[in-house]
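Quick notes on the structure that follows.
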Amino acid sequence: MGSGKLELGIIFVTQTGVGILGNSFLFCLYTFSLVTGHKLRPTDLILNQLVLANSMVLFSKGIPQTMVAFGSQYFLDDAACKLIFYYYRVSTGVSFSTICLLNGYQVIKLNPSICRWMELKIRSPKFIGFCCFLCWILHLSINSFIPVIVNGPSNSKNLSVKTNGYCSWNGVLRFNILYTVIYFSLDFMSLGFLVWASSSMISTLLRHKQQVQHIRNNSRAPRMSHEARATRTIFVLVSSFVTFYSIYAILTVWMTVVANPGQWKVNSTVLLSSCFPALSPFVLMVKDTRVSQFCFVCRARTNCFPNVVTVI
């Protein structure tokens with residue numbers, strides 16, 4: 001194995017492993033809050049779906065590409081390739097839709113005048129649950145054609161058959177361009193919504209700041225303070241997602257048009273597509289006070305443990 005492949009494999013292992021650990025921790029935290037109702041927040045269900053979808057992205061894309069980077073080939077059969085690609089497309093789409101849902105929720109909460117009847121709806125956990133369920137149904141249906149075009153590994157030198165190292169798919173240029181336009185048109189519309197929603201949140205917070213500038217005391221409205229922190233968290237998530245996804249989309253379109261994109265372009269695309277799922281849980285950890293409280297409790301128990309042993 002060359003040093004280049006070894007270094008690339010280490011990068012994939014680190015990115016995938018760290019991302020899966022971070023998402024798994026948050027999934028357990030949000031699931032615990034949802035089941036017990038302890039310190040439950042309205043956005044916990046949305047965030048729980050986000051970290052679940054991100055974990056699926058890392059499992060379905062990061063792990064196979066890591067094995068390719070370390071030199072493994074043809075380790076998946078035709079059925080496994082279809083399943084892996086289907087899971088990847090569905091989880092990527094659900095992650096995208098969940099970010100849009102989270103952004104839209106915060107916009108309506110900050111500025112109910114945008115859609116007054118929705119401001120009442122979003123207070124209902126059942127409505128949020130229905131929106132999350134709709135995200136899965138939508139992307140499970142949209143990507144139902146994936147098993148038709150994805151096949152197992154191929155040694156064919158035909159330029160119409162493309163491979164990423166462990167699976168192959170039909171690479172007819174006319175079909176690929178049509179598929180890319182249809183697939184990414186919805187995504188770019190969603191990117192436009194994310195940009196608009198983020199701008200609306202920033203505008204609302206700036207107007208609020210101007211309205212309270214005349215208040216001399218240091219106290220701030222607790223609700224607005226919490227919403228401001230939540231908005232900053234969502235803005236960081238959206239900014240990173242838009243950046244990574246835009247570059248990923250450009251590279252994907254380029255790979256679709258070019259007859260033989262090369263393995264380095266495939267690896268670069270996978271690295272970019274896995275950046276948001278791997279890094280986003282740590283953004284949420286930094287902004288979530290429950291995580292710091294949990295770490296404080298664990299540290300306190302660890303410090304008390306030696307004393308207990310001594311007494312025994």
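Backbone N, Cα and C atoms are what each Cβ position is placed from, and that goes for glycine too.
Database features, via TrEMBL:
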- 12-33: transmembrane segment (TRANSMEM)
- 22-284: domain 'G-protein coupled receptors family 1 profile' (DOMAIN)
- 45-64: transmembrane segment (TRANSMEM)
- 84-106: transmembrane segment (TRANSMEM)
- 127-150: transmembrane segment (TRANSMEM)
- 177-197: transmembrane segment (TRANSMEM)
- 233-257: transmembrane segment (TRANSMEM)
- 269-286: transmembrane segment (TRANSMEM)
Tertiary contacts of the transmembrane segment (45-64), as residues 6+ beyond its ends and Cβ separation under 8 Å: 12, 15-16, 19-20, 23-24, 26-27, 30-31, 34, 76, 84-85, 87-88, 90-92, 94-95, 98-99, 101-102, 105, 125, 128-129, 132, 135, 166-167, 270, 273-274, 276-278, 280-281, 284
Averaged pLDDT, computed only over the residues in the domain 'G-protein coupled receptors family 1 profile' (22-284): 76
Best-contacting stretch, by C-beta pairs under 8 Å, relative to the transmembrane segment (12-33) and drawn from 84-106, 127-150, 233-257, 269-286: 269-286
Distant-in-sequence neighbours of the transmembrane segment (127-150), which means Cβ under 8 A and at least six residues beyond its ends: 42, 45-46, 49, 81-83, 85-86, 89-90, 93-94, 97-98, 101, 105, 121, 167-170, 179
